[in-house]
Amino acid sequence: FSDLREIKKQLLNVAERSRERGLQHSGKWAAELAFALEPLPLNELPPPPELTEEDARDLDAYTLAKSYFDLKEYDRAAYFLQGCKSQKAYFLYMYSRYLSGEKKKDDETVDSLGPLEKGQVKNEALRELRVELSKKHKAQELDGFGLYLYGVVLRKLDLVKEAIDVFVEAAHVLPLHWGAWLELCNLITDKEMLKFLSLPDTWMKEFFLAHIYTELQLIEEALQKYQSLIDAGFSKSTYIISQIAVAYHNIRDIDKALSIFNELRKQDPYRIENMDTFSNLLYVRSMKPELSYLAHNLCEIDKYRVETCCVIGNYYSLRSQHEKAALYFQRALKLNPRYLGAWTLMGHEYMEMKNTSAAIQAYRHAIEVNKRDYRAWYGLGQTYEILKMPFYCLYYYRRAHQLRPNDSRMLVALGECYEKLNQLVEAKKCYWRAYAVGDVEKMALVKLAKLHEQLNESEQAAQCYIKYIQDIYSCGEVVEHLEVSTAFRYLAQYYFKCKLWDEASACAQKCCAFNDTREEGKALLRQILQLRNQGETSSTDVPAPFFLPASLSANNTPTRRVSPLNLSSVTP
């Protein structure tokens, strides 16, 4: 990144070349990035691309066809480009045929009735395109853009391995074309796969790595990459700012993500990309007025954009109008059937409406689009849990956990599954690990304690309950937790059995503060009073401080020693 002026020239050049070939998104990406850099003086502006003899010969046909292409008349554009020899015209010819097939497929998909038919609609042009492009590829007559299109055709035909090789080749031939890198991102499923790719050593590789790290949930690495790109001179880039916001959204640092999105909206108020992610954050925080404002605002900008439909869907979902929400997610999918977020969100809505078969269908579609979407795997697990099919649940929760190893929700769900299947040792491991990675919902310790109760391991159960109560009250917020009363009730009875009257009566008094344990608390206090009056002294043989059993402390989960609970400071 030593010469930012040179990088700006390259970006302006590739933006122009992408536009000439009808690759709007790649052109936009390069233009946005170029805009973030300092403007160039007149004498340093890149010259227009040189025309070859073939370009000159095809110029009339290309100019006419490009005007038809821009009006989405793809068959007409392809007809006038037949027989053109120049690289640019040939690419537009093949790309027009490809898009014509995609458009027909989408039209049929919208007209088709059920989700079962949708999978059977194919782009009829793909096979012919593959045959023609592979001949050109073997003769080494394809430029960077041609290789990109060949890769797309292979991916659409589910020839993933061949597609990856072609996209890597495209990145070597034309490293500045963002589309090829992005397609490569969609095909890489894990970090191992990334290691074996021989990628060109160029500054574009940094953008690619940052993007793929975000996709693979390696958020710390991604944020480091984006920070280094900002330091290198891309601090004004709205693309990088939005990617950082998405990264924080992925690690559920909601406040940080919200503040970055608000900043982004000030810089680029008419931006629609990533606004569905912003709306997810507002939804999680139950910020109705802000979500309503965002939905109205996007509706004014462009109401037939996928992101807009998702934002409106989230708004209705927050208002518990689930039928309406599902309708908007369906509308989003009619606009773009491969839009991942909408499939997952639609699955959630069907779950709310208790329509499990439709939810399963939606989540499966989401996984077809992107196997790395942990929300869809997790959603499938929840659906099969409702259907009381724990073996299925286990499979889906495991997949979700593989994608998000440090997410406590996946671990708690896995633990519950193991519990249902009576694999209690595995369940214990899951709950303990969930607590160790930072339990979001503060439920892992309670579930662990109840498991110990079932196994008559009273010391460990008490240990977990003590730690749970300390955690709840150390938050500073007194949570409306049903389980707090359960914990106090268990501890009161535990201390009572150990003949520690002071601790037992303190816990029993706490029980009196909760409706569901009030009577038991009072009864226990009466018993303690009775025993004290009869001269029963408090037991001095206090159990030695105990640890969680060694089998539970996974390699990187330190076993935590718990001090006796000082209840005087705890006020429910």
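Each residue, glycine too, has its Cβ placed from N, Cα and C.
According to TrEMBL, the feature domain 'Cdc23' maps to 6-245.
Summarised by DSSP class, the composition of the repeat 'TPR' (306-339) is 27 helix, 0 strand, 7 coil. Positions annotated as repeat 'TPR' by TrEMBL: 306-339 (among others).
Residues annotated as repeat 'TPR' in TrEMBL: 340-373 (among others). Break the repeat 'TPR' (340-373) down by DSSP state and the numbers are 27 helix, 0 strand, 7 coil.
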Segment confidence, the repeat 'TPR' (340-373), expressed as mean pLDDT: 90
